[in-house]
Amino acid sequence: MLEHFWECYFDLSGPILCPVLGSITPLFIPNSSIRPIRLIGLCVSLITFLYPPIPRIQFDPSMAKSQFVESLRWLSYENIHLYLGIDGLSLFFVILTTFLIPICISVGWSSMRSFGKEYITSFLIREFLMIAVSCMLDPLLFYVLSESVPIPMLKIKAAYQFFLYTLLGSVFMLLAILLILLQTGTTDLQILLTTEFSERRQILLWIAFFASFAVKVPMVPVHIWLPEAHVEAPTAGSVILAGILLKLGTYRFLRFSIPMFPEATLCFTPFIYTLSAIAIIYTSLTTLRQIDLQKIIAYS
């Protein structure tokens, strides 16, 4: 049993399961004991960051395919499995996530008095979700986990606004994933990357994925939720939002849209360039008019 524990700790399961176990522990501690709760949260986040760095050391940057791949049966009758793995892109997201979470817990050290248990639990759950999203090689589970990431972070008003903006786009992405499942019979990303879709099907799927990803980046004109989210989120929440969550939108383009739909990506490249150029000019001018620091961060 001990050998199995060490094997789990040395592979990708270690940094994923560690925040989950850490988020459960404060639930058994009374709210009055705020110091042990804070120490548990900080220690768990540091252990997650300092877990044995064998994946980082043994990672081969010359390989294009995912490494340290793990598979766990989930819905075997639908050929849907839990696939985990990292490549050069996701490895940096894992390192960035585990690096920022201890900093965010330290930043809110003095402010977590009334809701310390909820603060620590939400950050550790968010860390688990962000690491799992970075390592996930199944688009369907990636969709479920990525849509769950913002839940522990935002207050009611911003959460409702974010929900309304992402609902429609997320539904299109879910329908596209189900269409892929019906056509290929699997949601394994490693298989889908070698699957050739027709140009017409690629365009259809690319648009469906883009409807979800554009809101997450966010791209103009579906960016209105971002300033509200920055203003309503605590300082540590703004750090996570700017440092990781907004990068996940672009990460999704690089992880799914470009490799799975290369012909459609070439077709829509001028469109993306145009939107990006408009966004740079528009948000730069808007930033100059702001007096709230968090809004300045959001727009810039």
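Every residue, even glycine, has its Cβ placed from backbone N, Cα and C.
Just so it is clear, the model here is predicted, and its values are computed rather than measured.
Here TrEMBL flags 12-29 (among others) as transmembrane segment.
Here TrEMBL flags 36-54 (among others) as transmembrane segment. Long-range contacts of the transmembrane segment (36-54) within the same chain: residues 9-10, 14-15, 18-19, 21-22, 25-26, 29, 98-99, 101-102, 105-106, 109, 112, 116-117, 119-120, 123-124, 127, 131, each at least 6 residues beyond the stretch ends and with a Cβ under 8 Å from a Cβ of the stretch.
Residues or ranges marked as transmembrane segment by TrEMBL: 80-107 (among others).
Taken from TrEMBL, the feature transmembrane segment applies to 128-146 (among others). Packing against the transmembrane segment (128-146) from elsewhere in the chain are residues 12, 15-17, 19-20, 23, 48, 66, 69, 74, 80-86, 90, 93-94, 97-98, 170, 173-174, 177, 180-181, 187-190, 192, 216, 244-245, 248, 251-252, 256: each is 6 or more residues past its ends and has a CB under 8 Å from a CB in it.
Annotation source TrEMBL lists domain 'NADH:quinone oxidoreductase/Mrp antiporter transmembrane' at 141-300.
Residues annotated as transmembrane segment in TrEMBL: 158-182 (among others).
Residues 146, 161, 165-166, 168-170, 172-173, 175-176, 179-180, 197, 245-246, 248-250, 252-253, 256-257, 260-261, 264-265, 267-268, 275-276, 278-279, 282-283 of the same chain sit 6 or more residues outside the transmembrane segment (203-224) yet have a Cβ under 8 Å from a Cβ within it. According to TrEMBL, the transmembrane segment annotation covers 203-224 (among others).
The transmembrane segment feature in TrEMBL is assigned to 236-254 (among others).
Summarising the annotation, TrEMBL assigns transmembrane segment to 266-285 (among others).
Taking Cβ pairs closer than 8 Å, the transmembrane segment (80-107) reaches residues 12-13, 15-16, 19, 38, 41-42, 45-46, 48-49, 55-56, 59, 61, 63-74, 120, 123-124, 126-127, 130-132, 134-138, 140-141, 181, 186-190, 235-237, 239-240, 243-244, 247-248, 251, 254-255 in its own chain, all 6 or more past its ends. Panel annotation: around the transmembrane segment (236-254), residues 89-90, 93, 96-97, 100-101, 103-105, 107-108, 123, 126, 130, 133-134, 146, 149-150, 153-154, 209, 212-218, 226, 229-230, 294, 297-298 of the same chain, lying at least six beyond its termini, place a Cβ under 8 Å from a Cβ of the stretch.
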